[in-house]
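As given in TrEMBL:
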- 5-21: transmembrane segment (TRANSMEM)
- 23-288: domain 'NADH:quinone oxidoreductase/Mrp antiporter transmembrane' (DOMAIN)
- 56-75: transmembrane segment (TRANSMEM)
- 95-115: transmembrane segment (TRANSMEM)
- 152-171: transmembrane segment (TRANSMEM)
- 178-196: transmembrane segment (TRANSMEM)
- 202-222: transmembrane segment (TRANSMEM)
- 242-261: transmembrane segment (TRANSMEM)
- 281-304: transmembrane segment (TRANSMEM)
- 290-343: domain 'NADH dehydrogenase subunit 2 C-terminal' (DOMAIN)
- 325-345: transmembrane segment (TRANSMEM)
Amino acid sequence: MNPQANLIFIISLLLGTTITISSNHWIMAWTGLEINTLAILPLISKSHHPRAIEAATKYFLTQSAASALVLFSSMTNAWHTGQWDITQLTHPTSSLILTSAIAMKLGLVPFHFWFPEVLQGSPLTTGLLLSTIMKLPPIALLYMTSHSLNPTLLTTLAILSTALGGWMGLNQTQIRKVLAFSSISHLGWMAIIIVYNPKLTLLNFYLYATMTATIFLTLNTIKVMKLSTLMTAWTKIPSLNAMLLLTLLSLAGLPPLTGFLPKWLIIQELTKQDMAPAATLISLLSLLSLFFYLRLAYCTTITLPPHTTNHMKQWRTNKSTSIMIAILTTMSVMLLPISPMILTIV
């Protein structure tokens, strides 16, 4: 793709995200979401492969349906209350429609079917944008309307997302699909706490985005798309592979890594809200996703390829990894000891 065009699309993405996050009026928020959708479509379909075109089509259809629902929800609320302010979403029907629309935008169960397919058809850099920055505007809208959302509905969606994100990721061999189901599972953790402590949702999202960005950039550096090539990629940059192992375990939420912090705080908050059964259930369901993270980690560093078949060893590259990956990896692995400071900032 032409670098100038690429720059325009990236700037439009940032612009759309900024408009949605900073707006008070529903129409402006909707405009930002639309700019975002239109800016990411060329980035998804830039390889001109049939699968990329299919992914772009699926993405466009689901996002446009979700945007229409956001508009419908805000109009219904304005019809009943006379308010176009995002924080004044008080009508129950409007908040129900909005929850469905945002669940569709984010890829929460039962509106999750588009996300693994779209991520599988996209390049790794676009997959990174889809998994991180494209989730921020819908989560910001949920954050602003959190006081009027239905807790029972969100808890149900969250538990279903964590369950299906774990179960459906078990059998995958394509790394992008595994990361898509991982994203669905993490969105479950964010959705369950949004009504009770919205700041924890944002903290969870920031840390999830950091860890996912690390994994996508690492995979992009070693040019790996599926598990079978991941097994032979350790000869390329061994130190980077070792850090990928730690980042995957952090994404799984194992102590003493960064990924344990949001899970720990969310379970603590749910227990305070007398939701111990929900906390127990979501913790047990996250063990499903732990299995495929361990599988990825095993393939990354621990497994040597079997000797029965001829595997091409890949050449060790001399190019150094970027400073961005180094910073993100450090943050993905080592932030737990400074969690009191993080909590004071948030």
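In case you wondered, yes, glycine gets a Cβ from its N, Cα and C as well.
Fair warning: this is a prediction, and the values are worked out from it, not measured in the lab.
Computed over the domain 'NADH dehydrogenase subunit 2 C-terminal' (290-343), the whole-number mean pLDDT of the model equals 81. Within its own chain, the transmembrane segment (325-345) has Cβ neighbours under 8 Å at 203, 207, 210-211, 213-214, 217-218, 221, 240, 243, 246-247, 250-251, 255-261, 265, counting only residues six or more beyond its boundaries.
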